[in-house]
Structure formats: C-alpha cells, structure tokens
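Report on one structure; see the data block that follows.
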Amino acid sequence: MGDFNDLLEANDLYAETFSDGGFDGIAKAGVLVITCMDSRIEPLGMLGLKLGDAKILRSPGGRVTPDVLTGCIVGSHLLNVNRIMVVQHTRCAMASGTDAEVADKIIESSKMDLRGMTFGANPDQDRTLDFDVRLLKTHPAIKPRTKIGGFIYDVDSGKLAHVY
Ligand SMILES: [Zn+2]
C-alpha cells in the first residue's frame, strides 16, 4: 500500500489549493489533442491551454488506436470538440523501429518474450501521421466540419510543426 505514498502526499498539497472544481467536462476551447504517452510532452502547456480547455488522448506514439478513435467520436458529438490535433513527436520510441524491434528491445531489457504482440511501432512516422489524419478526416462517425490536423512536436525545441 505504501508504493504510492509520495504521490498521495503531493496530492494532499495539490487539493489544499485546488480551486478549479465545479465545471463540467466539455473542452472549453473546443480542442482535442491526441499525442504520445512520452513524458517530455506537456499537451496543455505547449498550446497555451489550461485545465478544462481540451480533451487529451494519449497512446504509444500518439497513434489513433480504437480507444482514441472512440474518444474523438464522443468528443466531437458531446464534448464541444471542433478541432482535433494529432501530435506525434521527434525521437519517439514507437517511430524508431518495427513491432519486432520493440519486442527485441524488451527481451534485451527484461528477458520477457513479447514477440508477436502488436505495439503499433512503425519507423515511417510521416506515413503513420498522414494515415491517422486521413482516418479521422474521412471517418463517418466524427461530426462533419470538425477540423483535423497532423503535427510533429520537437521534444528538444518545444516547437510544433503543422504537417498535414
Ligand atoms: Zn513517443
């Protein structure tokens, strides 16, 4: 039970000064951001947004996985989302090799054999970003007129480039 004590103590402090309660869960700024689980990415901060402004969906590589797609659909119909940003990033582990190569690295680091598992890794980042943007743009269940863009975030400069 003690494994999370440092985090719970930090949360006690956070809750003491918390004053953002009471509003509902829409995206106030109409923005939904799909990005990687990478710890170098601060989705709200990098866009000048704050708590409550945006829906954030994270996945390995910032890919549009089935759950991410579900979030986009619900967001576009019920949560005020009118712009969706697909944000991949530089030096992403999921864009540095294939699924087989990721499995090899896992064997190397922890001896667990996960060969055959689908991680969604693909070294052709341009192709995956383009595909995910087109998938959202053409998806029949996403509200028409939702703006969709594909971006690459540079984890070393903090700059976001609009690619698609
Ligand atoms: Zn990544």
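Backbone N, Cα and C define each Cβ position, glycine as well.
What TrEMBL annotates here:
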{"type": "BINDING", "residues": "Cys36, Asp38, His89, Cys92", "note": "Zn(2+) binding site"}
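Note on Asp38 (Zn(2+) binding site): other Cβ atoms within 10 Å of its Cβ, all shown chains, come to 19. The record gives Cys36, Asp38, His89, Cys92 for Zn(2+). Within 8 Å of the mean position of their Cβ atoms, the other Cβ atoms in that chain belong to Thr35, Met37, Arg40, Ile41, Gly61, Gly62, Gln88, Thr90, Arg91, Ala93, Met94, Ala95, Tyr153, Val155. Within 10 Å of the Cβ of Cys92 (Zn(2+) binding site) there are 22 other Cβ atoms, across all protein chains.
Applying an 8 A CB threshold to same-chain residues 6+ apart, the list for His89 (Zn(2+) binding site) reads Thr35, Cys36, Asp38, Arg40, Ile41, Gly62, Ile152, Tyr153, Asp154, Val155. DSSP assigns Cys36 (Zn(2+) binding site) to a strand.
Cys92 (Zn(2+) binding site) carries neither a helix nor a strand DSSP state and counts as coil.
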